[in-house]
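Novice: Let me give you the structure first, and then I'll get to my questions.
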Amino acid sequence: MSDLLDRLRGRGWRMTAQRRVIAEVLDGDHVHLTADEVHARAAARLPEISRATVYNTLGELVSLGEVIEVSTDRRAMRYDPNAHRPHQHLVCGQCGTVRDVHPTGTPLADLPESERFGFTISAVDVTYHGLCPSCASSA
Ligand SMILES: [Zn+2]
Ligand SMILES: [Zn+2]
C-alpha cells in the first residue's frame with residue numbers, strides 16, 4: 001500500500017469526512033485515477049460529495065507534493081499517490097491499466113550532453129506502451 005493517509009495525518013492535514021474519502025480512494029499501489037474516477041468512487045461512499053470538492057482537494061494534494069499528476073495518454077490527467085518514489089509508467093493501450101515501474105537505468109543519465117541543448121533538466125517522464133497480459137491473451 002502507498003501510505004497516503006498516514007503521510008497526510010503525519011503532516012497534520014485537516015481531515016474532514018470528504019477529504020478522508022478522497023484520500024482513501026487514492027491510497028494504494030498502482031493507483032492512477034482521473035479526477036472523474038476519484039469523484040465516482042468517492043461518491044459511492046459519500047453520495048453528497050461534489051465534483052468541486054474533489055477537484056479542489058486533488059489540487060491541494062498536488063501542491064502538497066503528496067500526489068503527482070501523471071499524463072500517460074492524451075486523455076485526462078491522472079492522480080498518483082506514489083509521489084515519493086521516482087518511477088515511470090507502463091500503460092496498456094487497450095484497457096488502460098497503468099503500472100508503476102522502475103527502470104534499471106537512469107533516464108536522465110541516458111541523455112548525452114550533446115542532446116541537452118544547454119537545458120537544465122529537472123524531470124524525465126518515460127511511458128512504456130503495450131498490451132497487458134489479459135488483453136494480449138484475448139487479442
Ligand atoms: Zn489491458
Ligand atoms: Zn505512478
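Positions of Cβ are set from backbone N, Cα and C atoms, glycine also.
In case it's useful when we look at the structure, here is the feature table from TrEMBL:
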type	residues	note
BINDING	Cys92, Cys95, Cys132, Cys135	Zn(2+) binding site
Novice: Where does Cys92 (Zn(2+) binding site) sit by DSSP, helix, strand or coil?
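Specialist: Once the DSSP labels are grouped into three classes, Cys92 (Zn(2+) binding site) ends up as strand.
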Novice: Counting only residues 6+ away in sequence within the same chain, which have a CB under 8 Å from the CB of Cys92 (Zn(2+) binding site)?
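Specialist: When sequence neighbours closer than 6 are ignored, Cys92 (Zn(2+) binding site) has Val98, Gly130, Leu131, Cys132, Cys135 within Cβ distance under 8 Å.
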Novice: Using the Cβ centroid of Cys92, Cys95, Cys132, Cys135 as the reference point for the Zn(2+) site, which residues of the same chain not in that list have Cβ within 8 Å?
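Specialist: Not counting the recorded site residues, we get Gly93, Gln94, Gly96, Thr97, Leu131, Pro133, Ser134, Ala136.
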Novice: Taking the Cβ of Cys95 (Zn(2+) binding site) as centre, how many other Cβ atoms lie within 10 Å?
Specialist: 12
Novice: Give the number of CB atoms, excluding that of Cys132 (Zn(2+) binding site) itself, located within 10 Å of its CB.
Specialist: 17
